[in-house]
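Quick look at what TrEMBL lists:
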type: TRANSMEM; residues: B:12-32; note: transmembrane segment
type: TRANSMEM; residues: B:70-94; note: transmembrane segment
type: DOMAIN; residues: B:71-260; note: domain 'ABC transmembrane type-1'
type: TRANSMEM; residues: B:106-123; note: transmembrane segment
type: TRANSMEM; residues: B:143-160; note: transmembrane segment
type: TRANSMEM; residues: B:181-203; note: transmembrane segment
type: TRANSMEM; residues: B:241-260; note: transmembrane segment
Amino acid sequence: MKKFLLLILASVLAVGLVACGNASKKDDAAKSNDKQESAADIPEKLDKPVEIEFWHAMTGGLEETLKEMTDEFNKSQDKITVKLVSQGSYDDLSKKLMASAKAKTSPVMSQAYEDWMTQYVENDLITDLTPYIEDKNHGWTKEELDDIVEVFRDANTWDNKMYGVPFNKSTEVLYYNTDMLKDKGLDVPTNWDEYKKAAAALTTNEGGKKVIGLGLENSIGLSFPTYVRQAGGTTISEDLKSVTFDTPESKDALTFLHDMVTEGTARLAGEDGFMSGPFGRGDVALYVGSSAGIGFVGAEAEGKINWDVAPLPKGKEAATAFQGTNLVMYNSATPEEKLAAWEYMKFLASPEQTVHWAKNTGYVPVRTSALDLPEWKDYVKENPEYGVAASQFDAGYYDPHIKGKSGINEALKKEIQAVLLKQKDVDKGLADLQSTAQSAVDKANK
Amino acid sequence: MTTKQALSKSTIYILLALGAILMLLPFVWMISTSLKASNEVMVMPPKWIPSVFQWDNYSKAIEVAPFGRYAFNSIFVLVVSTIGELITTILAAYAFSRINFYGKNVVFAVLLGTMMVPGEVLLTPNFVTLSNLGWIDHYEALIVPWLASIFSIFLLRQFFLGIPQELSYAAKIDGCSDFRFLWSIMVPLAKPALITIALLKAIGSWNAFLWPLIVTNSENMRTLPVGLTAFSTETGTVYELLMAASTMIILPMIILYIILQKYIIEGVARAGIKG
């Protein structure tokens, strides 16, 4: 009996600890909300050397290119030293940024996705860059600002204030196996009808080699809003208070995908993890994937298949989401550190550097004028596959900054996959998606 | 041996062998992948033996990150935190099993209760505490929070309870102090349990990823598992190099385990911990 009592006591205590932890978290958030930083006071110039930390999640070749560019920046002037700090994956970076914000030890600058930024803006963690952009000593001219690709500018704006400078941006493109298309006498699909027909025609079983027409990444759920846009709809209401997965357009989009999967002309990556593997060994003929993965596709396909890249086929409309992070700076930094960070951001977003970055990584340049630089033009002429993503700027859209985005994403991942794995039908999947995502939004708006 | 016995014995052995092979497959895959060319990694059906052995995957993998420094940090943290944990565990387990003091069971229950709090919940508060102490990006942050483990205390306490009380009576009669009795009699008797604890700790410390990543910033302070992130990006992973690095990192632990495995099994079995 005594032991039993002790066990109860222990469990009550454990529950209590967990509950207390949550409560105090809310308090903290409320506190940091109250604390308002004064508006930016921008020094005219830097008198003393400044060292700033930039937390990033770039690995492998991406990290090397970033290092090289940062070295160049550090050498280009004698006041500012940028120290790169790698924080693992985006997930790890996000965790660490959260923890350090609570401990009031935020870095001077970091990479951040727009949905993180929505939270940071709300908690007054990151700095409004507008005063820096407009500053007459250090800012951008009107032309320079307008030169930043429009969809990136919009994505970085909250209440008419710009909080981030676009950095590593990619979008979805259509990879295709040139030989398979030629075999069937097909052109690269440019709209949904051709797309569906191509997927069907390319699904073959010849000489024991099974080929499926279209390959989709496992993260298809997160791309689902793109298909809804292509169908002519949206997934988030204008007032940013509700999600709209219950529209005819959403149904069209999901039916389109669902039909191809049930007919066996499309498949998910499944156990393969990423679709670049099956595409590279010729198990699928078409494949929708991130433009940032071109390097991986190239490595998989080498010596096995011939391939090329095309813009996403359009439905009623052309639409493609741009993913990737932006550069932000934190309110906890001193005015000198912030100015240093701004100078570094300007450097990374300059036409020469953004082209250099794009050429070495597969991301897109973040400036319109960069596309006209001879360096970029020559490069795209030689490597046409790298030019496709940037050709889709006009079709680019960004998801409005709705609160509760992570909840929506969770629901999207789960429900869309459930439908495409034939665990639910289209109507049930959309109904569940609508209710789960909406409750996430309602919860975040409370 | 009758035929029936032989039959049941061989069935058992076949099942065990199958289980062992199943457990080994990931390791075999890891080693085979570490020697493949990049376009062979994802081939279907899987290729168990690479067509050409790419030994230079290993040298390439080492160059990706400063693994020498990472290895030093990993070893240093492992040694200090393992020794530290053994000391705190022995003292605490002895107190909970052999010394009677007021509120002993309550304190023990509270300690066990903390085991039920998932680590993720503690990440942020622990980070805030450490940063207030000024330990972020120092060895203290990598070591001090791991100097005590409730699970180990529990394991060793159960083991101590299994050692006959008569031993301590005899020692007391001969004028032996608690402390001397602990170090001269209990600790040597508990060797299998202690080796188990040390080994579990060593493996845990060696493989720890999130904590070292969160509490360090500079390359000089990072540990081996953190170095493995260099091979993954959002759009894919360079499996052959990742596996080459993983093979090198995991090897010391496998060797340690093979040398000490008879103790770990004995230790867990004797303390009566299941699963």
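Just so you know, glycine gets a Cβ as well, placed from its N, Cα and C.
TrEMBL labels come from automatic prediction, so no person has curated them.
If you count C-beta pairs under 8 angstroms between the transmembrane segment (B:12-32) and each of B:70-94, B:143-160, B:181-203, B:241-260, the highest count goes to B:241-260. Listed as Cβ neighbours of the transmembrane segment (B:241-260) (distance under 8 Å, sequence separation of 6 or more from its ends, same chain) are residues 30-31, 33-35, 57-58, 60-62, 64, 67, 195, 199, 202-203, 206-207, 224-225, 227-228, 231-232. Tertiary proximity for the transmembrane segment (B:143-160) is limited to same-chain residues at least six positions away from its ends with a CB under 8 Å from its CB atoms, namely 77, 80-81, 84-85, 88-90, 92-94, 96-98, 108, 111-112, 114-115, 126, 130, 135, 186, 190, 193-194, 196-197, 200-201, 205, 211, 267, 270-273.
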